[in-house]
Amino acid sequence: MSLCTLEINLSAIKNNYRLLQDICKTALVGAVVKANGYGLGAMQIAKALIKENCQYFFVATSEEGINLRKVLNNDITILVLNGVFTHDALELIQYNLTPVLNNLSQIEIWQKFSNLKGKILPCYLHFNTGLNRFGLNSDEIEQLINDRDLLKGLDLQYIISHLAASEETGNPYNLIQLNRFKVYLEYFPNVKASFANSGGIFLGQDYHFDLARPGAALYGLNSLIEVSSNLSYTEEFESNTAALTTTACINKCPDVSVRLTPKLPLKGSYTVRLQNPVTLKAPIIDLQNLTLDSHIGYNMTFTTKRDSVIATLPLGYADGFSRNFSSQGEVFINSCSVPIVGRVSMDLINIDVTDLPPSEVFLGQEAEIIGNYCTPDKIASIIGTIGYEVLTSLGSRYKRKYIS
């Protein structure tokens, strides 16, 4: 096991969940725990959030759902976002997992197994409103509207869609997607809806519908957020929506001639701060006293400009610590910034502790890699990625410690 410790503060995650519940006054709030809870532990997070009355958990694959079901009672809903495939349909039924059906092929598969088992099977439908990554397209939705037998044997519980730019509060595409979604829902008046991811929650109540699906916000990503109590745009519509024939409505909906003027700061907005639940610490395992012009690490990419004290920490790119941190980035020792020097190798990194008091530099001294001084979002900005990737890349070798 690694000498590094990854601390996950479940209380912080629960606090973030409660904050999201407060914002979503008229909607339920689920939790996205795919990719092992963004690398932090899906089972532990789910068990903690159940205590906050969370009843809906979203995973990506059937395997993730099965692992989660082993620790959650059958009355808790587990949604599989990637849907159903022939090879795993029976497992979804066995473990009481609900697929999010993303195309007509998946609907046909789920209906086939409904007939095979002689029972009505639950499902969600995913409508593509503009992310264009997954989900039923307008032609497929039209087929469902015109032939309801395509859903025979299925218990359609929710219709969902996914925002493409929800973290950009002034992006007019959010409202374009919202209006597409609303038009589609007109044809399914008795079905509940889910639209808001983390960013969508902060766009305002119009985006909340019946169930919100936060992931990143639970884990403290994009932590300082402006929340709108209403839409973040002035709107002018020129749309002939009186004729709600399926083809006309669906085909025109994406281009309803919406003219949007972003309003920033948001009208009726307020600011909230999410808590970072993640701390990664690594001990100093070696110290080198080097003279001027000494080379450090592979390919001698860093050369000391003075007599230096260089410490070694036991983590590297095999643990998800990107090589892009080579000779850039920082760690913290007793709240003091310490630069990373030389190449990040598979299992080790070097830091320059020359400027620290000698009393703070010793074998076993802990350096904070991720924490309140250097959050996942800050780390991401240094290496040109996003906080999601930082968290989901956290290696399996870290000793995980859960704080309740």
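Every residue, even glycine, has its Cβ placed from backbone N, Cα and C.
Look at Swiss-Prot and you will find LYS34 (among others) tagged as active site, proton acceptor. According to DSSP, LYS34 (active site, proton acceptor) is assigned to a helical segment. A 10 Å cutoff on Cβ-Cβ distances gives LYS34 (active site, proton acceptor) a total of 21 other Cβ atoms nearby, all chains included.
The active site, proton acceptor annotation in Swiss-Prot covers TYR298 (among others) and rests on sequence analysis. Sequence-distant neighbours of TYR298 (active site, proton acceptor) (same chain, 6+ residues apart, CB-CB distance under 8 A): GLY342, ARG343, SER345.
Within its own chain, ARG133 (substrate binding site) has HIS162 as residues 6 or more apart in sequence whose C-beta sits under 8 angstroms from its own. The annotation substrate binding site is assigned in Swiss-Prot to ARG133, MET346 on the grounds of sequence analysis.
Residues or ranges marked as domain 'RPE1 insert' by Swiss-Prot: 226-273.
The N6-(pyridoxal phosphate)lysine annotation in Swiss-Prot covers LYS34.
In the three-state DSSP scheme, TYR298 (active site, proton acceptor) falls into the helix class. Non-local neighbourhood of MET346 (substrate binding site): GLY316, TYR317, ALA318, each in the same chain, at least six residues away, with C-beta under 8 Å from its C-beta.
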